[in-house]
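Noted in TrEMBL for the protein shown:
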type     : residues : note
TRANSMEM : 7-28     : transmembrane segment
TRANSMEM : 57-77    : transmembrane segment
TRANSMEM : 89-111   : transmembrane segment
TRANSMEM : 117-136  : transmembrane segment
Amino acid sequence: MAGKASVSTYFAGAVYGAFILIVLMYLLKVLGLAGNPGFVNTYHAVFGEHFLLLDHFTAALLFAISGGIWGIVFRLVPNPTPLKGMVFGLLPSLWLWTVVVPAVGGAFFNSFALKGILMPLLFNCVIWGSFVGWYVQRKQN
């Protein structure tokens, strides 16, 4: 096995994973299956609403960067795999439930509503986490 992948590899993989989520969330919105992506609602709660398209772009960019930062933290996990990425995805989910949502006026753990629990697990663990684990593992070998 080759050496540990660089910090930039972890950051890039996590940003790419975040972009997958961004596209998925906007696809759900276009299909009428969801409203604004959560990162847009969080952006509006923190910074207010200004210029709609710029708000969406800025919120998506900040979401991708935060994904990249989580990717750097994932570098602490030895021998990354898609499964380890999925397990690691619990950390951003916990951060969302216990810090982000309450900070913008929502309920701790999204009031334990089924959708409020399952969607972060699907997005952060199954989709984002498995992608980041796969990406870094592929780049490392």
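Each residue, glycine too, has its Cβ placed from N, Cα and C.
TrEMBL: automatically predicted annotations, no manual curation.
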I need to check the long-range neighbours of the transmembrane segment (117-136): which residues 6 or more away from its ends have a CB within less than 8 Å of a CB in the stretch? 5, 9-10, 12-14, 16-18, 20-21, 24, 67, 71, 74, 80-90, 92-93, 96-97, 109-110
Remote residues contacting the transmembrane segment (57-77) - C-beta distance under 8 A, at least 6 residues beyond either end: 4-5, 7, 10-15, 17-19, 21-22, 37, 39-40, 42-44, 84-85, 88, 91-92, 128, 132-133, 136
